[in-house]
């Protein structure tokens, strides 16, 4: 039966009753995407050209910016093509590649956020050893480990879907491809794929979240040992930007997971909005958060604006 073979393509989700508004939705999405690309490119440029920012914390920030650029670029242009030109079909191979990129890049970002939490822990709890522990070469090695970890854990996801037969329904619930979304369209036993997907998420994002929380518990204990509230607030304020970035990553991730697990009866609009939030919110907020909280980046941006005005 042809309906039980791997499909040549999937159909991206549209919002019933709002097809006429796709053009304006695409304008809004494109504006947010341009903001995300501009903000992250500015961060990369400033850190590259400002010698005082050549430190592990800012190298990790560059990694986040590069990941956010890759993640948003792997999805948003295809969504814009769908909204503007009504190209709803995405080939089976392209869907698997997009799915692999989304999950792998998310895993890499989670690992980098954990590394940044460790950086804050060492800087506050062991300040005299910070420069010796988190050297530039150690930062590069952490970045390579993050990439390898993401690829090794999430490469099996598309491979597990390749041999599965798919039923006649090819309509996804998002405007891009996610593992659980594609897996739900298979008309075969998906237990190995379900078990592995859940295990990979728990061992990467779940474990990272626990270790980040543990890092901040230790940081909080160290901060509370300081003599005055003024000193405590000054030290802990160095962590505010990272805490905000962690929330910007994990809150949409958890929200999307909840929608997938328990929101089958929700309106399609909820699935599409949650998917776009998951892809774009960290990419937009990360450079803004660090731009607001980091004086060196603020000064460099103001200098660039002043030079352009002159």
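Here the Cβ of each residue, glycine as well, is placed from N, Cα and C on the backbone.
For 20-46 (among others), the entry in TrEMBL reads transmembrane segment.
Positions annotated as domain 'G-protein coupled receptors family 1 profile' by TrEMBL: 39-290.
If you look up TrEMBL, you'll see 58-84 (among others) marked as transmembrane segment.
The transmembrane segment feature in TrEMBL is assigned to 90-118 (among others).
Residues annotated as transmembrane segment in TrEMBL: 139-162 (among others).
The transmembrane segment feature in TrEMBL is assigned to 194-219 (among others).
The transmembrane segment annotation in TrEMBL covers 240-263 (among others). Counting only same-chain residues 6+ beyond the ends of the transmembrane segment (240-263), those with a CB under 8 A from a CB of the stretch are 64, 106, 109-110, 113, 116-117, 120, 178, 180-181, 201, 205, 209, 212, 216, 270-271, 274-275, 277-278, 281-282, 285-286, 289-290, 292-294.
What TrEMBL records for 269-292 (among others) is transmembrane segment.
Sequence-distant contacts of the transmembrane segment (269-292) (same chain, six or more residues past either end, CB-CB distance under 8 Å): 13, 15, 18, 29, 32-33, 35-36, 39-40, 42-43, 61, 64-65, 68-69, 71-72, 75-76, 79, 102, 109, 173-176, 178, 241, 244-245, 248-249, 252-253, 255-256, 259, 263, 298, 301.
The list of residues near the transmembrane segment (194-219) in space but at least 6 beyond its ends in sequence, with Cβ under 8 angstroms from a Cβ of it, reads 103, 106-107, 110-111, 113-114, 117-118, 120-121, 124-125, 149-150, 153-154, 156-157, 160, 179-180, 183, 236, 239, 243, 246, 250, 253, 257. Below 8 angstroms of C-beta separation, residues 6-10, 12, 57, 60-61, 63-64, 67-68, 70-71, 74-75, 78, 139, 142-143, 145-147, 149-151, 153-155, 157-158, 161-162, 176-179, 182, 200, 204-205, 208-209, 211-212, 215-216, 242, 245-246, 249, 253, 279, 282 of the same chain, each at least six residues beyond the ends of the transmembrane segment (90-118), sit close to that stretch.
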